[in-house]
């Protein structure tokens, strides 16, 4: 039995191509995507706003101005919180649902924003940064999964990528807010505190939205799940989706297994899926730190590139888009390295400066449409339903750990080895990422969740696997 011989929604759409949905064809799904994507906005805003706020924090707190350690802690504590939030957020998603996880993230983020805005000293500010990070980490797991589970397979990539657009839009918004509050009393307090507004808005909007239909179905709340799915699909396709969910639920009931973190490493197909997902997150690690150095114009370029990615990811495919994106990233990093190697101390030749600007612009132009949205999209769709939360959380934790490593080492390596060598190291990592994507990452464009899961089972047990052999070997490790 091979993947191609199995029925699925993609086969249904081959029979009835006129019923394929477009990105804008279902206002309900698009509205749900935008509301859930506010979590991405919070993610992006916090990433960008701290760079501007820190300049004014140093003016208010002498101890911060005199201590580079405190400055680094204020910035990186949000990353620490995000790692914890992502790791625990995956379990919260699976145990209590995507909606409750989002509501919890909003509450924690709002509390963190209020604590930061009212902080009497840098240590309370650091506590606020930790709380905000917890909210961001939970949201970074929840939003892509929630959107993916409510999305038709043929537009799932574009809809999940909308969350990435919200991230880059949040970065752009943070620069605007930084500019807006530069002449206002309590500058940095406004910059950090205003982030509570979108969190509060999302909280109340989410109260009006349903739980993920797939999560509801797996929790045996079938009537509620079908009620939600009926707003997404027509009658004929609704029956097809319900049949797939019923089959998946029956298989899980036969296994009668409790979901555990160790299963991710003990079960071969889960291990393969997690390797692909976490590896993609590591491959995309260096964008956020470069984004902190962007001007307002380049930040807008980053958001514009993500819009292109929303279109390409469901037309070009995840794997091809990732490979073309990484190829361009390698070229741009080599250009950046060459510009710094060619620049000599005391040189007045401005051509190398412009070469560096071109390299940076190319980096964003190639990264934003591809390796910006692809890792988040793939991680939202490659795991089985019952493990989607914890595996997504583990992969997001890898992303945040990678960001923290870059934040703590980039300038140190640049000072020790030179900026040109540092960019060449990044180019080498991107080259390894190309090999990784070719070897480990499958193409999931247009596939249903059931079909994606079967890819891993075939890779794990061979194309001749069947249900009986899966039940026999499901608990075994190799």
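Heads up, the Cβ atoms here are built off N, Cα and C, so glycines get one too.
These numbers come from a predicted model, not from an experiment.
Positions annotated as transmembrane segment by TrEMBL: 28-57 (among others). Sequence-distant contacts of the transmembrane segment (28-57) (same chain, six or more residues past either end, CB-CB distance under 8 Å): 21, 64, 71, 74-75, 78, 102, 105, 109, 122, 125, 129, 132-133, 135-136, 139-140, 142-143, 146-147, 150-152, 159, 162-175, 177-178, 187-188, 191-192, 195, 198-199, 201-202, 205-206, 209, 231-232, 288, 291-292, 299.
Under the heading domain 'Major facilitator superfamily (MFS) profile', TrEMBL lists 32-445.
Summarising the annotation, TrEMBL assigns transmembrane segment to 69-91 (among others). Nonlocal intrachain contacts for the transmembrane segment (69-91), taken as residues 6+ away from its ends with a CB within less than 8 angstroms of a stretch CB, comprise 46, 50-51, 54, 57-58, 63, 101, 105, 108, 112, 122, 125-126, 129-142, 389-394, 396-397, 399-401, 403-404, 407-408.
The transmembrane segment annotation in TrEMBL covers 126-147 (among others).
Sequence annotations record features per position, and here TrEMBL assigns transmembrane segment to 159-181 (among others). Through the fold, the transmembrane segment (159-181) approaches residues 23, 29-30, 33-34, 36-49, 52-53, 143-144, 147-148, 151, 187, 190-191, 194, 291, 294, 296, 299-300, 302-303, 305-307, 309-310, 313, 368, 372-373, 376-377, 380-381 of its own chain, all at least 6 residues removed from its boundaries and within a Cβ separation under 8 Å.
As annotated by TrEMBL, transmembrane segment applies to 187-209 (among others).
Residues annotated as transmembrane segment in TrEMBL: 292-314 (among others).
For the transmembrane segment (321-342), the residues of the chain that approach it from at least six positions outside its boundaries are 280, 283, 309, 312-313, 352-353, 355-356, 358-360, 362-363, 365-367, 369-371, 374, 418-421, 423-424, 426-427, 430-431, 433-434, 437-438, 441, judged by C-beta separation under 8 angstroms. Among the features that TrEMBL reports, transmembrane segment is placed at 321-342 (among others).
The transmembrane segment annotation in TrEMBL covers 354-378 (among others).
Residues annotated as transmembrane segment in TrEMBL: 390-414 (among others).
According to TrEMBL, the transmembrane segment annotation covers 420-441 (among others).
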For the transmembrane segment (126-147), the distant same-chain contacts (Cβ-Cβ under 8 Å, at least six residues beyond its ends) come to 32-33, 36-37, 39-40, 42-43, 46, 50, 73-75, 77-90, 92-93, 98-99, 101-102, 104-117, 119, 159-160, 162-163, 192, 195, 199, 212, 376-377, 379-380, 388-389, 392-393, 396-397, 399-400
When pLDDT is averaged across the domain 'Major facilitator superfamily (MFS) profile' (32-445), the result is 85
Counting only residues at least 6 beyond its ends, the same-chain positions whose CB falls under 8 A of a CB in the transmembrane segment (354-378) are 144, 148, 156-157, 160-161, 163-165, 168, 276-277, 280-281, 283-284, 287, 290, 294, 298, 301-306, 308-310, 312-313, 318, 321-322, 324-329, 331-333, 335-336, 338-340, 342-343, 399, 441, 444
